[in-house]
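Asks: Let me begin by handing over the structure; questions about it come next.
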Protein chains: 2
Amino acid sequence: MRVSPRLLQRAAKSIDKYALYVPQSGVFPKGFKVGAIASGVKKNGALDLGVIVNTNKSRLSSAAAVFTTNKFKAAPVLASKQVLEAVRGKGINAIVVNSGCANSVTGELGMADANEMVSLVNTQMGGTPNATLVMSTGVIGQRLQMDKITNGINKLFNENRFGAHFEDWLNITKSICTTDTFPKLISSKFKLPNGQEYTLTGMAKGAGMICPNMATLLGFIVTDLPIASTALNKMLHHATNRSFNCISVDGDMSTNDTICMIANGAIETQEVKEDSEAFEQVQEQITQFAQRLAQLVVRDGEGSTKFVTVNVQNSLTFDDAKIIAESISNSMLVKTALYGQDANWGRILCAIGYAKLDNLKSLDESKINVSFIATDDSEPRELKLVVNGVPNLNVDEERASQILALNDLEIKVDLGTGSETAQFWTCDLTREYVTINGDYRS
Amino acid sequence: MRVSPRLLQRAAKSIDKYALYVPQSGVFPKGFKVGAIASGVKKNGALDLGVIVNTNKSRLSSAAAVFTTNKFKAAPVLASKQVLEAVRGKGINAIVVNSGCANSVTGELGMADANEMVSLVNTQMGGTPNATLVMSTGVIGQRLQMDKITNGINKLFNENRFGAHFEDWLNITKSICTTDTFPKLISSKFKLPNGQEYTLTGMAKGAGMICPNMATLLGFIVTDLPIASTALNKMLHHATNRSFNCISVDGDMSTNDTICMIANGAIETQEVKEDSEAFEQVQEQITQFAQRLAQLVVRDGEGSTKFVTVNVQNSLTFDDAKIIAESISNSMLVKTALYGQDANWGRILCAIGYAKLDNLKSLDESKINVSFIATDDSEPRELKLVVNGVPNLNVDEERASQILALNDLEIKVDLGTGSETAQFWTCDLTREYVTINGDYRS
């Protein structure tokens, strides 16, 4: 394979991101072990198959997932949906995931392969059916090499290649990467209102779009907190709606996108239910955790040089705040202006103006305020571009240049029509993005 | 002003497009004259102000327009809407248009300026109110320099700088250009069912997005055919829905986008009404004419190297065919793959899958066919990528490379769920696009 100078440059750049965003240690929930292996599906011999196992037997686990809304759903998405529905989110004890082949647009044979992955893990776990979720990412339109996958799964279990140390969690995170320049692994301890501690660990893979892959997004969150399956399902949808569904690299959505979560209840405390005191607090903790994980995907956006928070405030409705944040975040003109470090309020207003709102009253042209916000400690933090619908024609250009030169910055839009807020995270559109997605053939 | 080597390269490229797409002569409808002048609003002394005048007094003219749906509408859009509504599309005898300043996000003062442009022309034309439409394109958030505009309009009339020759039409077309690399002017003669000839002339300006401009699209069509104003309105909406609303450069929509049409009835023939024999035929002729004009805008897409027709066939509904064609046309991954000359059916399926359909039955994964079509005479014309939902894994890579190397090509999607067809026209996303929109500051 010919490696272009640009890809080498990109590889060199990725070292910085690795140092910045990959932890050296972590905290991991009780009652989980993980294993990863190089099955041979990835041609370069890298890790490409992983299994997360719940070892806690004291309670039945809860699981939930949010799947792609793309009409073309990959076989593993359909298989995992079936499993989750069959057991109503209860008793899921494993997630098996492979990279290198997305098992998408593979028809009935692909469905059989996805189901076979589930069966192989179920068998290794003791034979209970519907206890395993399956995910795949990589090339689409190709069958899985089931001999390699089968050998890999059996080897993981038969040689007991599972562990619960930092390196084990880092390795399984690496095994789901495709074009990611760094593995996305985070973990934190949280407290319940009663003082009880619990742990969240999350892994994600980002929007890797090198031909003929698509921008598959996978995210896993595991916790040792006991959460009722209906409550978990509600929390994960809430969190995903405010995290993984609020990021924009290029606006495309793949056939394989999946965010899933298992709560195994390995710590001894009262189960969190929808009507329990802890529900709101845990939901908020999971949401913020999911945001951190989702933001790492944007930081690894292909070719990107900037991480931009689009903060739409004081909207009549949350949905409209989000629609406007999304419209700005996906606008090619806004994204190229960010790359060009140009305080282009016109492009931002334009993207706001063509957003397809649910309620036209969310937007009042005479009330809108648009600013850039510096994310470092420099002052003034806020640079006003549009004030009550009127462009600020005396923008301090020098200050604008300073803020736009930052790697991290915020676009604040105050709609002034209500009190709802939504955030999106986006990156700039660069020549490098076009190079990666246009020049490369696998 | 520093001129970058890239912009010079682009200027050099534009010479080819000029030779290819700018006519050397034309046919023009009876009873119209046009004038253009350099008012001084454009700093480089180029033509920036034009007026189209209807000189036919034998009938009351009909006019219709389709305006931007952006929530932020520029003052000239609001002013023209008011004029058209006041006279219900009857008796419009002039269009005044300026480039260099879009008179957008300029509040009440901007409205007064737009109305003043209308008044100035009305006065010069004899004093009838509501007889002039106004359009502006260029920088947003700045007031029009009304002294220059006023002088320009008065000079055009007082020195009678109007004419009806090819050069006059070419000059007014040039006067609406901003970042366009060539003026977009077309004209043709057509026949009615009864053999009567009539003429259509069209001018457009394209998606020029250099900071802080936005992608303003302006289009004018004039004809000497008598068409009832209600019929004209219906025809223009039909045509725009199948032409200017079916092009994608970057998916952004400006505050100033306007397509308008005047039919002055200068030829002696029966007026075309909604229930007349000629209606369908004229509507189809205008639609095809508008498509030719709209396609020129895509051909001048910033930084683009390819002109791609996205042809979605056999859909259950027209709307869904169009939604799918639009989703493919706007996908950054599809557009970069086209630039990279990559037969990436996965990205096309992906964009189809996330299109927000009105009727889910329009898309059946097992019936979909996707092909690339060569637009030259080479064989085989059709390269099948997906057949009845199954990817063709034995694609002739050599033939794929040949087709993808063409400047013009077609993506054909056969949904197999009905009989409706929609087309979109798009261009590739190139490094040059990012350069133009990211690096340049005015």
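Here, residue 1 is simply the first one shown, and the rest follow in order.
Positions of Cβ are set from backbone N, Cα and C atoms, glycine also.
No curator has checked TrEMBL annotations; they are predicted automatically.
Relevant sequence annotations retrieved from TrEMBL are reproduced here:
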BINDING   B:T178, B:K205, B:T216, B:E302, B:N437, B:S442  substrate binding site
ACT_SITE  B:T216  active site, nucleophile
Asks: List which of the binding-site residues B:T178, B:K205, B:T216, B:E302, B:N437 have a Cβ under 8 Å from any Cβ of chain A, in sequence order, or say none.
Replies: B:N437
Asks: With a 10 Å radius around each C-beta, find which of these binding-site residues (B:T178, B:T216, B:N437) has the fewest other C-beta atoms nearby.
Replies: B:T178
Asks: Can you give me the same-chain residues 6 or more apart in sequence from B:K205 (substrate binding site) with a CB-CB distance under 8 Å?
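Replies: For B:K205 (substrate binding site), the qualifying residues are B:S99, B:T137, B:I176, B:C177, B:T178, B:D180, B:K184, B:T216, B:L217, B:L218, B:G219, B:V297.
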Asks: For B:N437 (substrate binding site), what is the secondary structure by DSSP, using just helix, strand and coil?
Replies: helix
Asks: Using DSSP reduced to three states, classify B:E302 (substrate binding site) as helix, strand or coil.
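Replies: B:E302 (substrate binding site) sits in coil per DSSP, no helix or strand.
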